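Trainee: Pasting the feature list from Swiss-Prot:
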- 1-13: topological domain 'Cytoplasmic' (TOPO_DOM)
- 35-56: topological domain 'Extracellular' (TOPO_DOM)
- 78-85: topological domain 'Cytoplasmic' (TOPO_DOM)
- 107-112: topological domain 'Extracellular' (TOPO_DOM)
- 134-142: topological domain 'Cytoplasmic' (TOPO_DOM)
- 164-176: topological domain 'Extracellular' (TOPO_DOM)
- 198-228: topological domain 'Cytoplasmic' (TOPO_DOM)
- 250-264: topological domain 'Extracellular' (TOPO_DOM)
- 286-293: topological domain 'Cytoplasmic' (TOPO_DOM)
- 315-320: topological domain 'Extracellular' (TOPO_DOM)
- 342-354: topological domain 'Cytoplasmic' (TOPO_DOM)
- 398-435: topological domain 'Cytoplasmic' (TOPO_DOM)
- 14-34: transmembrane segment (TRANSMEM)
- 57-77: transmembrane segment (TRANSMEM)
- 86-106: transmembrane segment (TRANSMEM)
- 113-133: transmembrane segment (TRANSMEM)
- 143-163: transmembrane segment (TRANSMEM)
- 177-197: transmembrane segment (TRANSMEM)
- 229-249: transmembrane segment (TRANSMEM)
- 265-285: transmembrane segment (TRANSMEM)
- 294-314: transmembrane segment (TRANSMEM)
- 321-341: transmembrane segment (TRANSMEM)
- 355-375: transmembrane segment (TRANSMEM)
- 377-397: transmembrane segment (TRANSMEM)
Amino acid sequence: MNTVHAKGNVLNKIGIPSHMVWGYIGVVIFMVGDGLEQGWLSPFLVDHGLSMQQSASLFTMYGIAVTISAWLSGTFVQTWGPRKTMTVGLLAFILGSAAFIGWAIPHMYYPALLGSYALRGLGYPLFAYSFLVWVSYSTSQNILGKAVGWFWFMFTCGLNVLGPFYSSYAVPAFGEINTLWSALLFVAAGGILALFFNKDKFTPIQKQDQPKWKELSKAFTIMFENPKVGIGGVVKTINAIGQFGFAIFLPTYLARYGYSVSEWLQIWGTLFFVNIVFNIIFGAVGDKLGWRNTVMWFGGVGCGIFTLALYYTPQLIGHQYWVLMIIACCYGAALAGYVPLSALLPTLAPDNKGAAMSVLNLGSGLCAFIAPGIVSLFIGPLGAGGVIWIFAALYFFSAFLTRFLTISEQSTDVYTEERFVRENVQTNFDKTVKQ
């Protein structure tokens, strides 16, 4: 028993709520299954008969499904609880994948491809983002920044690192179709760990005599009832514009200065490796220096500066691989400066944390549309330099907006006391930690 308590103490000290550790492990395994198709599914479908436009439309439909699912995940958790919401996400992924792989791809029937892949797209936000909402409810405020940092570490590690790494070996060994089927093993294993091994009890703040439809509508109305939450959603949308926009035009721009596709891919991959490490670091920094200050200076200002540096460095010094690698890594680190936003937003709406997290998750989805849209609209008339300045200006604007995301001391004290009481009732681990 002492060994178990010791492990719980260690996990809490590094920022992982010990009573939710199996949920974190479940998320990373689930996201491996979701991310294993990155980089090769579109070329595979084109090789089997789709046009490039049809493939682009397929992924656009998928993105729409992801955005809607992400937006609603928080209010679903607040209304029905995280286990039910995550179970719906797991089933959507499994059913959508089965239809997509087992029937739509063999027949290459385009409407079926659109519908089944969109159903699959509903899955991971309902699963992963609902767990993030769960974390925001069940974690003490003094480690909440680190706790959400660990969530984004697990999420990104599975989606952008382990998933593609696994498929780089699985596709040559088993083929594309069997690799897609293997995703179900990962999501099932992750689902079992997060839903059944994770013993935390969820206790949402209940509203008396409020119909469920009104609770669900909070995902939209909270942005007007609490403008700070709406501002936070805008900041979150700006967060990843570089992540979704750079890949469209930077490789072509860098090629003018002698950077090969291979060098670009190495720089891009290393950027995200640094990012997942700094997700944890800036989670801890946010708990020490303040969530708002971390997002504003390290996230907004940092991303703005290194966005400009990525563009101007090749012009100033030409082909210098390691210099550009260092700058890209600095951008990846600054990108993680936005991590405390996941702790800040639910604290701005202590009575509607689920709705606040829905707005945060909506921002996560919207940037996947807005960034390519900016590139497509302005790359022609303004060129790469114009797009870079638009991105940098948006990052600096997000830093300005973050100034308004203030929390009153009174709300913070009430929230901390509520968290303290709930955790002592819920888990033996936290009871030990608090003693």
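Using N, Cα and C of the backbone, Cβ positions are placed for all residues, glycine too.
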Trainee: What stretch of 14-34, 143-163, 229-249, 265-285, 355-375 shows the most Cβ pairs under 8 Å to the transmembrane segment (177-197)?
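Mentor: Most contacts with the transmembrane segment (177-197): 14-34.
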Trainee: What average pLDDT is reported by the model for the topological domain 'Cytoplasmic' (342-354)?
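Mentor: Taking every residue in the topological domain 'Cytoplasmic' (342-354) and averaging pLDDT yields 86.
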Trainee: Which residues of the chain, 6 or more past the ends of the transmembrane segment (229-249), have a CB below 8 A from one of its CBs?
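Mentor: Distant contacts of the transmembrane segment (229-249): 222-223, 268, 295, 299-300, 303, 307, 310, 331, 335, 338, 341, 344-345, 348-349, 355-356, 359-360, 362-364, 366-368, 370-372, 374-375, 379, 384, 387, 391, 394-395, 397-398, 401-402, 404-405.
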Trainee: Under 8 angstroms, Cβ to Cβ: which one of 57-77, 265-285, 321-341 has the largest number of such pairs with the transmembrane segment (355-375)?
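Mentor: Per the Cβ under 8 Å count, 57-77.
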Trainee: Quick check: do the transmembrane segment (294-314) and the transmembrane segment (377-397) share at least 3 Cβ pairs under 8 Å, counting only pairs 6+ apart in sequence?
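Mentor: Contact between the transmembrane segment (294-314) and the transmembrane segment (377-397): present.
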Trainee: Sort out the residues at least 6 away from either end of the topological domain 'Extracellular' (35-56), same chain, that have Cβ-Cβ distances under 8 Å to it, and list them.
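Mentor: For the topological domain 'Extracellular' (35-56), the far contacts come to 105, 108, 110, 113, 158-160, 162-164, 166-167, 170-171, 176, 179-180, 182-183, 186.
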Trainee: For the transmembrane segment (143-163), which partner among 57-77, 265-285, 377-397 gives the most CB pairs under 8 Å?
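Mentor: Against the transmembrane segment (143-163), the leading stretch is 265-285.
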